[in-house]
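Let me begin by presenting the structure, written as structure tokens, before commenting on it.
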Amino acid sequence: MRMTVIGTGYLGATHAVAMAELGHEVLGVDVDQAKIDLLSAGQVPFHEPGLSELLGKHVATGAVRFTTSYEEAGAFGDVHFIGVGTPQKRNGHAADMTYVDSAVEQISRAATHDCVIAGKSTVPVGSAARLQELALTSAPSGTRVSLVWNPEFLREGHAVEDTLRPDRMVLGLEYDDAGRPTSAAQAAEAVLREVYAHQLEAGIPFIVTDYATAELVKVAANSFLAIKISFINALSEITETVGGDIRTLADAIGLDERIGRKFLNAGVGFGGGCLPKDIRALRARASELGLDQSLRFLAEVDDINLRRREYTVQLAVQECGGSLHGTQIAVLGAAFKPESDDVRDSPALDIAARLHSMGADVRLYDPQANANAAQRYPRLDYVASLDAAVTGAQVTLLLTEWREFRDMDPRHVASLVGTPTIIDGRNVLDPAAWQDAGWRYLALGRRH
Ligand code: UDX
């Protein structure tokens, strides 16, 4: 089938390549000419394991191409996926729909034949119904544009496998007043079933529902993940006071299948382009709907998460004798999680910037994210290796759990630092091994 993917960031670029891998002809669309040039040359503008190999393969055969032209896209595609961003608004917590609105309007206007628009971006509930109206009013007369909502659940660092082999796929359709899919929606569902035929044959669950449910699945899933992380981090505050081991606690409750061990890793908390923004946007949307009370607790989830950053900063201050002025601090990690170069709302970078603003000389090393971090906070001292970061440091903070950091040899690192004090902000090191090598080992969720 011929399809376009509008927006070629993490979500869109991965989706475009995955669709080519499923055997479709794909045209990626973006307003950013530089990004389009890179992708057309088979280069991925961000770090995502496995993506550049797959992109190279499909660019070479012509299965995937890229353009900035909506005219070209409108003439080409029978299905148009929308994968543009919905960042947090500057003046509040709601999601900014400017890019989604513009993409839907422009592709509808450029459509030369009947087509389906499939929204993948994370949007406030109620958006799809409004966007279907926008598509209808923007499309040339006689051209039918049907809109479905098809949220994306990919994790950065695992984007390719998550897109090709997701846990589930969700499709939101326009319903009539009697609560049934309209005939246009049923036709659109058939088109999407064809797009995903291979995955459906492989038995991936396909949940077909109304617009609102489909929109909510995404933000509900991300909010639940955020709740799990903040829950264990709230318990960290308790174990820090009374003693106890947060990792063993997580292991023990996680063995209850109803709870599960995943997303119970205590540490500096969640960041990135999704979890923080999604809990805020969901809460903001609930307030708009007059339901402020329903999701008020998400504000607490956000607060617990941000408190972890402050606590980590305070630990470092305490280890430096109460003031950071003139101290040298090693920060390991800037990305919001390993296997990604994304520094959006990254706890690691936020903590590093705060330490710097309090007078510390911060030497930061991240295996992939130094360049993105430097764009955001140019005043930190970015170094090209782990050894360079730790040499002479008074305190070393591990804030993103890259394998390179998990595998550090405590004796080797001890031979480089000024003072062997480490704050394990992700609870990934073996305390005994570090203590045996002469370190003062501190971790979040433990009494010191
Ligand atoms: C998330 C969702 O997982 C994904 O399904 C959705 O499509 C987009 O948002 P992502 O933002 O890529 O994906 O990262 P994720 O792996 O969920 O991690 C989010 C943050 O939580 C990271 O900062 C990570 O370090 C942190 N985290 C995760 C914890 O602090 N503890 C954990 O136990 C798990």
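Placed from the backbone N, Cα and C atoms, the Cβ positions cover glycine too.
Because TrEMBL annotations are produced automatically, they should be read as predictions rather than curated entries.
What you see is a predicted model, and the numbers here were worked out from it, not measured in a lab.
The annotation NAD(+) binding site is assigned in TrEMBL to Asp30, Lys35, Thr86, Thr122, Glu156, Lys277, Arg344. The Cβ of Lys277 (NAD(+) binding site) has 24 neighbouring Cβ atoms from other residues within 10 Å, across all protein chains displayed.
For Phe153 (substrate binding site), applying a Cβ distance below 8 Å and a minimum sequence separation of six or more within one chain yields Asp162, Pro166, Asp167, Arg168, Lys218, Ala221. The annotation substrate binding site is assigned in TrEMBL to Phe153, Leu154, Arg155, Glu156, Lys218, Phe263, Leu264, Asn265, Ala266, Gly267, Gly271, Lys337.
Every protein chain shown contributes to the tally, and the Cβ of Cys274 (active site, nucleophile) ends up with 26 other Cβ atoms within 10 Å. Positions annotated as active site, nucleophile by TrEMBL: Cys274.
Under the heading domain 'UDP-glucose/GDP-mannose dehydrogenase C-terminal', TrEMBL lists 330-431.
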Per DSSP, what is the residue tally for the domain 'UDP-glucose/GDP-mannose dehydrogenase C-terminal' (330-431) in helix, strand and coil?
33 helix, 18 strand, 51 coil
State which of the following binding-site residues has the fewest other Cβ atoms within 10 Å around its Cβ: Leu264, Ala266.
Leu264
Considering only the recorded positions Asp30, Thr122, Cys274, which residue has the minimal Cα-Cα separation from Leu264 (substrate binding site)?
Cys274
Tell me which residues of the chain lie with their Cβ under 8 angstroms from that of Thr86 (NAD(+) binding site), as long as they are six or more apart in sequence?
Ala95, Asp96, Met97, Tyr99, Val100, Ser121, Thr122, Val123, Lys277, Ala281
Among the binding-site residues Asp30, Phe153, Lys277, the ones with a Cβ under 6 Å from any atom of ligand 1 are Phe153
Tell me, what is the mean pLDDT of the domain 'UDP-glucose/GDP-mannose dehydrogenase C-terminal' (330-431)?
98
Gly271 (substrate binding site): nearby binding-site residues from Asp30, Lys35, Glu156, Arg344, Cα cut-off 10 Å
Arg344
